[in-house]
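**Q** One structure, pasted below without further comment.
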Amino acid sequence: MDNWREHAACRAEDPDLFFPIGTTGPAALQTEQAKTVCRGCPVQEQCLRWALDTGQTIGVWGGTSELERRALKRREAVRRRSA
């Protein structure tokens with residue numbers, strides 16, 4: 001589904017919600033609010049895959065934070081090396 005963004009739950013949200021500044025305090029709450037939107041999204045998997053494939057290093061994508069995506073990328077790299 002190339003047009004996954006058209007079906008994203010976040011289309012109706014303020015984009016700033018998905019780009020918190022920092023990782024603690026209000027930013028942590030904002031990240032959780034963004035993830036709540038993602039959890040109900042019909043294209044969450046496509047969004048996450050796009051973020052990983054295109055190297056999105058900031059924001060919440062596919063229900064994951066920047067730190068979570070970094071960890072996913074590391075695990076994917078280890079799997080590829082051991083395959």
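Note that Cβ sites are derived from N, Cα and C of the backbone, with glycine treated the same way.
Dumping what TrEMBL says about this protein:
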- 9-71: domain '4Fe-4S Wbl-type' (DOMAIN)
- Cys10, Cys38, Cys41, Cys47: [4Fe-4S] cluster binding site (BINDING)
**Q** Would you identify which of the binding-site residues Cys38, Cys47 has the most other C-beta atoms lying within 10 angstroms of its C-beta?
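**A** Compared across Cys38, Cys47, the most Cβ atoms within 10 Å surround Cys47.
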**Q** Just counting, how many other CB atoms are there within 10 A of the CB of Cys10 ([4Fe-4S] cluster binding site)?
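**A** Taking all protein chains shown, Cys10 ([4Fe-4S] cluster binding site) has 19 Cβ neighbours within 10 Å.
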**Q** So what sits near Cys41 ([4Fe-4S] cluster binding site) in its own chain, CB-to-CB under 8 Å and at least six residues off in sequence?
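**A** Cys41 ([4Fe-4S] cluster binding site) has long-range Cβ partners Ala8, Ala9, Cys10, Cys47, Gly63.
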**Q** Summarise the model's confidence over the domain '4Fe-4S Wbl-type' (9-71) as a mean pLDDT value.
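**A** On average, pLDDT over the domain '4Fe-4S Wbl-type' (9-71) sits at 96.
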